[in-house]
Amino acid sequence: MQTLSFLLALLFLVAQTPAQPTGEGEKGGTIQEPEATEAQDTAAVLMAAGAADGDDSDTKQLDTTFCRCRVSCNILEKYSGKCELSGRTARICCRKIK
């Protein structure tokens, strides 16, 4: 189930990433995009990781995981893979929301 959740998060990250301009047909230099800071999250994904185990079906709650592409993960976040942030390799940091 964790693998499926990770693949869904990765799919959403790829879908939300804007296409990079090739620069063909332009006279002059390349297009410069502003640098993203740690506070500016370029991708955020909310997903359901699965239902919590329990005897009573009425009391089951979904665990929700929040993932984003960052330079470094916070204390409560878990490293879940690599992503691209402003043309540089960054980390996918996830945390569970209850």
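Using N, Cα and C of the backbone, Cβ positions are placed for all residues, glycine too.
Taken from Swiss-Prot, the feature signal peptide applies to 1-19. According to Swiss-Prot, the disulfide bond annotation covers Cys67-Cys94, Cys69-Cys83, Cys73-Cys93, on the basis of similarity to another entry.
The Cβ of Cys73 has fewer other Cβ atoms within 10 Å than any other of the disulfide-bonded residues Cys69, Cys73, Cys83, Cys93. The Cβ neighbour count for Cys67 (disulfide bond), using a 10 Å radius over every protein chain in view, is 27. Its Cβ placed at the centre, Cys94 (disulfide bond) has 23 other Cβ atoms within 10 Å. The separation of Cys73 (disulfide bond) from Cys83 (disulfide bond), Cα to Cα, is 13 Å.
Separating the Cα atoms of Cys69 (disulfide bond) and Cys93 (disulfide bond) is a whole-number distance of 6 Å. For the pair Cys67 (disulfide bond) and Cys93 (disulfide bond), the Cα-Cα distance reads 5 Å. Counting only the Cα atoms, the space from Cys73 (disulfide bond) to Cys94 (disulfide bond) is about 8 angstrom.
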